[in-house]
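Structure first, then comments.
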Amino acid sequence: MSTSSSNPVSNTAPPKAPARRQSGDRHVYNGPGMIATGEATALLPTETTPPIKVFGTAAIRETFDDLCLQQAVNSRLAPGVTDLILNPDAHCGYGAPVGSVLVSPTHIYPGPVGVDIKCSMSLLQLDLPADAVDDRKVRRELISAICRRTPTGAGKGQRSVAQSRHVNRTLGKQLVLEGASKDVCMALGIPPNWAFRCEDSFHVGHDGTATALEARLETLLATREMTNFSEKMQQLGSYGGGNHFGECEVVEVGDNERARSVAETFGLHDGNVAFLSHCGSRGFGHILASGQFKHLQTKFDRWGIPLPAGDRQLVYAPLGSDEANNYLDDMSLGANFATVNHLLINALVLEAFQEVIPGVKGDLVYFISHNIARREIVNDRPAWVHRKGATRAMPAGHHSLEGTPFANSGHPILLPGNPRDGSAVMVADPGAEASCFSVNHGAGRVLGRRHAKRVLDQSTVDTELESNDILSNCRRYPIDEAPAAYKDFNEVLHSVKSAGLASEVARLKARFVIKDASKADD
DNA sequence: ATGTGC
């Protein structure tokens, strides 16, 4: 373990620019009071450092670079922050690391929610045995049918085949206000009972009412940034780019009694075909998030408010202020869009399967976010839990699961890994209280996009997928999204399991992948 | 992540 070359504890120095990291520059924070307890590590309080909980094996801790750790410390020291969790998939992000949890009873932090408000995972299970997708021709037809309905790529909206679900301005306004309400689901051809399979199927305004959201939306619609609101609504049912994807899977339930029992509660069947989706709030969420960043940064400048650690990405608003209220309303509007976007994608994917395999049925297993702030009870008092690339993980018996299908099991946790090693469905264990009921959100990047393009070989990436018989809509798989650009998924999961946060219920093994190929041919 | 650099 090498000593960091800079002092990541400083709360005055601005963070270094992320672009200057060199290959092999893999420092590990070795600051005061760092201890390892089993496989979990804590940065203990010192005179200057409040505690940060780090969940990761020794190998995983080697993946945390200087900037990531500095962002964690900066976030921990920011006003009103009472808890900061670093998960094994952590890497540097906007303000706080992707793969962190920030808790505050008094402040809201837009950066530690993230640029893509309510970026989430969803899993659709089909009543199909695995061998139904053995035939490569069938898989090619499925890829085509899905891509005709749910496009990938920036700026892309609905395809003509989905025009029966056209979103006019009135419906657009309704869905960002109501989320997956019964009326919205009916209008878009989404099974209304899927709302019960959502972590949250709708989001209300800052005061707990929909009226507050409605007033905020009218204000926003009068601004220049929102002149293309109707166009943004046309993106409903699309994936976008970057790390977003759709993936056809085969479910492999874990070979133990607990996994079998929980899988049954989840409705997961061993050997069934399923479809995993990763996307968020697209252009609409982006306008809201980036608008809030700029707005708050301007206020900090104008009023001369000191930035946490000098980092503009860590601007915040005290709860109860107009700024906090407006942010919470905008987050809810973006979150409602993301919710309906995911459910519509699942409805369109099911429709695509039915086009290729007539009569097939499908149901949503779960929809859960990893980029959202939720008001939860932490240490016996209400607080905003900001999960930035982190997934809620509430075990059996948790009070907030009362009345849901998962009260006695814990809810499904959907974790994308990579097409080669698979993805995972997990369930929280009682130990998750130590991480503010959170786990990782996936594997986490280990190579930056530029770095990946420089060091990874295109034909190796494509050959590896081919040798695993995994098809894709991409002629060449985006190299900055290759499995090797991400951390070792098994080591990440081992960190979570050995720390007592969650247990594995099932693996999802990829049969074909749908990604944004528009930048793959550079 | 993104009306993907403005």
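The backbone N, Cα and C atoms fix where each Cβ goes, and this holds for glycine too.
What TrEMBL records for A:1-30 is region 'Disordered'.
Taken from TrEMBL, the feature compositional bias 'Polar residues' covers A:1-13.
Secondary structure at A:Asp116 (Mn(2+) 1 binding site), as computed by DSSP, is coil. In sequence order, A:Gly280, A:Ser281, A:Gly285, A:His286, A:Ala289, A:Asn371 are the residues of the chain that are 6 or more apart from A:Asp116 (Mn(2+) 1 binding site) and have a CB within less than 8 Å of its CB. Annotated Mn(2+) 1 binding site per TrEMBL: A:Asp116, A:His244, in sequence order.
Here A:Glu247 (GMP binding site) comes close to A:Phe275, A:Leu276, A:Ser277, A:Pro416, A:Pro419, A:Ser423, A:Leu508, A:Ala510, A:Phe512, A:Val513, A:Ile514: these same-chain residues lie at least six apart in sequence, with C-beta atoms under 8 angstroms from its C-beta. Annotation comment: TrEMBL describes A:Asn243, A:His244, A:Phe245, A:Gly246, A:Glu247, A:His370, A:Asn371, A:Ser423, A:His441, A:Gly442, A:Ala443, A:Gly444, A:Lys515 as GMP binding site.
Feature annotation from TrEMBL assigns Mn(2+) 2 binding site to A:His278, A:His370. A:His370 (Mn(2+) 2 binding site) is surrounded by 31 other CB atoms, counting those within 10 A of its CB over all protein chains shown.
Secondary structure at A:His441 (GMP binding site), taken from DSSP and collapsed to helix, strand or coil, is coil. Residue density at A:His441 (GMP binding site): 28 other Cβ atoms are found within 10 A of its Cβ, drawing on all protein chains shown. Annotated active site, GMP-histidine intermediate per TrEMBL: A:His441, in sequence order.
The shortest Cα-Cα distance between A:Lys515 (GMP binding site) and any of the binding-site residues A:His244, A:His278, A:His370 is the one to A:His244. Among the binding-site residues A:Asn243, A:Phe245, A:His441, A:Ala443, the ones whose Cα sits within 10 Å of the Cα of A:His278 (Mn(2+) 2 binding site) are A:Asn243, A:Phe245.
Here the binding residues for GMP are A:Asn243, A:His244, A:Phe245, A:Gly246, A:Glu247, A:His370, A:Asn371, A:Ser423, A:His441, A:Gly442, A:Ala443, A:Gly444, A:Lys515. Their largest Cα to Cα distance works out to 20 Å. DSSP classifies A:Phe245 (GMP binding site) as strand under the three-state reduction.
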